[in-house]
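Inspection log for the structure reproduced underneath, given as structure tokens.
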Amino acid sequence: MDAWMKKLGSSEEAFTLLSSVFANVSDAILVVDKEGMIVTANPALEKMSGWATEELIGKRHICELCLGMATCREEATCADCFFKQEQMPSFEMRLKTKDGRDYPVAASSAQLPEIDGGKMVLILRDMSDQQRAEKERYQHKLTNYVIQAQEEERKRISRELHDGVGQALYSILVGLNVVGQSKLSEPLRQHVADIQQMTAKAMEEVKRMALELRPSALDDLGLLPALRSLIKRFEKSFGLLIDLHVQGDRRRYPAVVETALYRIVQEAMTNAAKYAQADKLGIVFEDRDKELVVTVVDDGIGFDVERAQKKGTGLGLFGMKERAQLLGGTVDIRSAPGEGTTVIVRIPLAKEETEDGHSRPDRR
Ligand SMILES: Nc1ncnc2c1ncn2[C@@H]1O[C@H](COP(=O)(O)OP(=O)(O)OP(=O)(O)O)[C@@H](O)[C@H]1O
Ligand SMILES: [Mg+2]
């Protein structure tokens, strides 16, 4: 530093340079006296704290701008305050703004004993963007984890239902067939026939539940066959006419992409069946090589999207967006009362997902 100052030549040059640094850096720099009163502050502190420089210099104590601090290891109390240390190269501080907000900053402090009886310089760096980004990253990670865990659990329960309860019911049915073929009195024969019917119904129910939890076609055959079978079930259950149009290659995609798209389309179809009072549903599935675009259109009563999202009573619309976002994609919902609803989902495909062995060409 000394060598650098010497290089600068005259003290006037050095002063101009340091003043310029002080005025233009984005970090807030403030100097406090021995009592803790602010004696100088740069414009960046005005921006961060909301206080004008005239309201700070000689008028505010450093404690009025501090809501607490923490070192990299732990929360600190006022007893460990940077003000009592000779220097603290790195700590976190919660800056209190003029309107009382809590503003996270990364700070460093050092005593300046050679200046006017000893003062302290404090440098504050805005961490709000980093903290927000970190919070979002954490939130995404957590959501991703919850979604994956939920899918795994659904897969497990679906298999248990299919292979466990489903198989057991099938064995009972076979046994009842044998009993039904033996010589029985009429009332007993009728009784066996009733039980056979109930067992067959229970088997159907278990099969439906297993399918709804997680269709094995999604893992075994892929997204398009699973969607076709979902469409068939919807047409049967809700009396809807559903048209599926596929453009581009038909192939397998990474499991996370297939699962996310299946769940998003399933939710869009469920919403249309529940609320739209629609007769027809159109689904367009486009493989655009670098991205997958799926559009679900209904000709129903439509709704105010912004209001529904603000109201936030359901999780469906939020979940669709969250699933797409986790894969770097988007969900665009276009609707208005009386105008039907269009849901457009875009999921990007990474290079290796479009070119390597992940994507087996799979003509169906
Ligand atoms: N296709 C549609 N047609 C008409 N209204 C719709 C349609 N899709 C959604 N809505 C409206 O938007 C609201 C929010 O939908 P969302 O899927 O988020 O929640 P939900 O279906 O009510 O609950 P959940 O999905 O959590 O079971 C619905 O209650 C409904 O009023
Ligand atoms: Mg819903």
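Even glycines carry a Cβ here, placed using N, Cα and C.
Those TrEMBL annotations? Automatic predictions, nothing curated.
The [4Fe-4S] cluster binding site feature in TrEMBL is assigned to CYS63, CYS66, CYS78, CYS81. Annotated domain 'PAS' per TrEMBL: 14-65, in sequence order. For 89-139, the entry in TrEMBL reads domain 'PAC'. Under the heading domain 'Histidine kinase', TrEMBL lists 261-351. Annotated phosphohistidine per TrEMBL: HIS162, in sequence order.
A map of TrEMBL features onto the structure.
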{"residue": "CYS63", "record": "[4Fe-4S] cluster binding site", "contacts (Cβ under 8 Å, 6+ apart)": "GLY36"}
{"residue": "CYS66", "record": "[4Fe-4S] cluster binding site", "contacts (Cβ under 8 Å, 6+ apart)": "MET93, ARG94, LEU95, LYS96"}
{"residue": "CYS78", "record": "[4Fe-4S] cluster binding site", "contacts (Cβ under 8 Å, 6+ apart)": "none"}
{"residue": "CYS81", "record": "[4Fe-4S] cluster binding site", "contacts (Cβ under 8 Å, 6+ apart)": "MET69"}
{"residue": "HIS162", "record": "phosphohistidine", "contacts (Cβ under 8 Å, 6+ apart)": "VAL206, LYS207, ALA210, SER216"}
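Listed in chain order, the extra residues whose Cβ falls within 8 Å of the Cβ center of the [4Fe-4S] cluster site residues CYS63, CYS66, CYS78, CYS81 are ILE62, GLY68, MET69, PHE83.
DSSP assigns CYS81 ([4Fe-4S] cluster binding site) to coil in the three-state reduction, outside any helix or strand. Counting residues per DSSP class in helix, strand and coil order gives 26 helix, 11 strand, 15 coil for the domain 'PAS' (14-65). Across the residues of the domain 'PAC' (89-139), the predicted structure has a mean pLDDT of 89. Look at CYS66 ([4Fe-4S] cluster binding site): DSSP puts it in a strand.
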